[in-house]
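Report on the structure given below.
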Amino acid sequence: MEGPLSVFGDRSTGETIRSQNVMAAASIANIVKSSLGPVGLDKMLVDDIGDVTITNDGATILKLLEVEHPAAKVLCELADLQDKEVGDGTTSVVIIAAELLKNADELVKQKIHPTSVISGYRLACKEAVRYINENLIVNTDELGRDCLINAAKTSMSSKIIGINGDFFANMVVDAVLAIKYTDIRGQPRYPVNSVNILKAHGRSQMESMLISGYALNCVVGSQGMPKRIVNAKIACLDFSLQKTKMKLGVQVVITDPEKLDQIRQRESDITKERIQKILATGANVILTTGGIDDMCLKYFVEAGAMAVRRVLKRDLKRIAKASGATILSTLANLEGEETFEAAMLGQAEEVVQERICDDELILIKNTKARTSASIILRGANDFMCDEMERSLHDALCVVKRVLESKSVVPGGGAVEAALSIYLENYATSMGSREQLAIAEFARSLLVIPNTLAVNAAQDSTDLVAKLRAFHNEAQVNPERKNLKWIGLDLSNGKPRDNKQAGVFEPTIVKVKSLKFATEAAITILRIDDLIKLHPESKDDKHGSYEDAVHSGALND
């Protein structure tokens, strides 16, 4: 744009940029829209090197897309945030945000200032969260374990493992309850990362299993080592136990050929001393991220200890946390002397190498500091196993959230329909400009039941109208307030009581997705100017060789 102030780039302002942003958001939402709900479809994504991913998870789909538009990137980050914070509801949060933007754009085109729309949206979001917490939550104490299983099944219903929902829901609930520990404040905590998920392709989904203890996809370093150790003392090392070699560039001038042997002997003695220091503390299970050469293995075999090499760093960290061990990247202390103390060892009741499914695994059972659990997944191929892992991660997060927040809300579009009716009535009580924005917010929420119905090949107009009628009755007539649990039954194509049907989602999933979607919509709505700078041109007068040829500079 030329003018009094020259900007070396493209500048678009006002109406143009807002419409562009809304279109970008809508196109991102359209990608994930068809994967929402229990009958949502999967996406196949192929990256630039030909790796194939088949998934139904909104966050994974958007993470693998290479998005150019800055406003669309906001929505991709939004799905990622929802995945990290809550673990589920990633698709719906993007769809709601895009719908909020679309409706806000309509209002701005009718000459309503974006600031009024933004304040209306903020107010609507606040009211919606308050209404959920006061009227729509079901306390988990009155439902017990069934509630956890139902919440896990609801999360899995749209995924590849939805067919065997009962089997996997029980497995997930058992896994989360197995890793429970109490923090300093006396609050129960469920670190989902303590559940190690291993994948082995072959057999059917139903042959997946839950194992008590941490399963390591490794075997002992030598066949001469014991395969089972009771009262294990575990050393976690982040370095290799190999014959020490002199650093490159170190030169030793020798006057006597016999001294060569002494140097070689010293090289092997350094490692031997290290191993003896470790074994002297009573360590009988040694896990290392590096390699262990044959010479070092000999010492462990003689001592009757179990040594495991090439353990993944991620696994080592989790085992150290569970057993109370300290991960050491060197034995040297601040003075430069090599020491190893018994306090650095972790403890477990038993470490055993077992053949599970078709693989040899090392199981670390009953660790001292925290308990851990492992799930071994079976599936037809790698794509299936990867998708099963993502589905289980979502379900684990959902069960964790239900246990921590102790409340759930009905699924199947029930919350969105109830909020839509409530906010429409609330909007009419407002005398200010925010009234229109709140009404649009209410209309935007209906995109979830609408999309659910469309994906299930049902008549969305008819179904959503019936659903709204039930919720209106529930809010107007106090005697029929039980109708507020009505959501969609997508397999039969009619509304039903989702509290009785056991379709539940954690309250925090709904609350966070509303808050995040509103914030993302507001962030994009506030933008009224986009300046995209041109890439910096090189200082070189002629640029590249081709430019020089074209310009005739080489003809001089």
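Glycine is treated like the rest: Cβ placed from N, Cα and C.
Bear in mind that the values here come from a model prediction, so they are computed numbers and not experimental data.
Marked as N-acetylmethionine by Swiss-Prot on the basis of experimental evidence: Met1.
Summarising the annotation, Swiss-Prot assigns phosphoserine to Ser6 (among others) and lists a large-scale study or a structure entry as the type of evidence.
DSSP classifies Thr90 (ADP binding site) as helix under the three-state reduction. The ADP binding site annotation in Swiss-Prot covers Gly37, Gly89, Thr90, Thr91, Ser92, Ser158, Lys159, Gly412, Glu505.
Listed in sequence order, Val32, Lys33, Ser35, Leu36, Gly40, Asp57, Gly58, Ala79 are the same-chain residues at least 6 apart in sequence whose CB falls under 8 Å from the CB of Thr91 (ATP binding site). Annotated ATP binding site per Swiss-Prot: Gly37, Gly89, Thr90, Thr91, in sequence order, evidence recorded as experimental evidence.
Using a 10 Å Cβ-Cβ cutoff, Asp88 (Mg(2+) binding site) registers 28 neighbours. Here Swiss-Prot flags Asp88 as Mg(2+) binding site, drawing on experimental evidence.
Residues or ranges marked as phosphotyrosine by Swiss-Prot: Tyr181. Tyr181 (phosphotyrosine) falls within a strand when secondary structure is assigned with DSSP.
The N6-acetyllysine annotation in Swiss-Prot covers Lys199 (among others) and rests on a large-scale study or a structure entry. DSSP gives Lys199 (N6-acetyllysine) a strand state.
Positions annotated as N6-acetyllysine by Swiss-Prot: Lys400 (among others). Taking all protein chains in view, 23 other C-beta atoms sit within 10 angstroms of the C-beta of Lys400 (N6-acetyllysine).
Positions annotated as phosphoserine by Swiss-Prot, on the basis of a large-scale study or a structure entry: Ser491 (among others). The number of other CB atoms found within 10 A of the CB of Ser491 (phosphoserine), across every protein chain shown, is 10. Under the three-state DSSP scheme, Ser491 (phosphoserine) falls in the coil class.
All protein chains included, Lys494 (N6-acetyllysine) registers 13 other Cβ atoms within 10 Å of its own Cβ. Marked as N6-acetyllysine by Swiss-Prot on the basis of similarity to another entry: Lys494 (among others).
Look at Swiss-Prot and you will find Ser544 (among others) tagged as phosphoserine, backed by a large-scale study or a structure entry.
For Ser551 (among others), the entry in Swiss-Prot reads phosphoserine, with the evidence type a large-scale study or a structure entry.
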Of the recorded positions listed as Lys159, Lys199, Glu505, the one whose CA lies nearest the CA of Ser491 (phosphoserine): Lys159
Helix, strand or coil at Lys159 (ADP binding site) [DSSP, three-state]: coil
Lys494 (N6-acetyllysine) versus Gly89 (ATP binding site) - Cα distance in angstrom: 23
DSSP state at Lys400 (N6-acetyllysine), helix/strand/coil: helix
Among Gly37, Gly89, Thr90, Thr91, Ser92, Ser158, Lys159, Gly412, Glu505, the record's ADP binders - longest CA distance, Å: 15
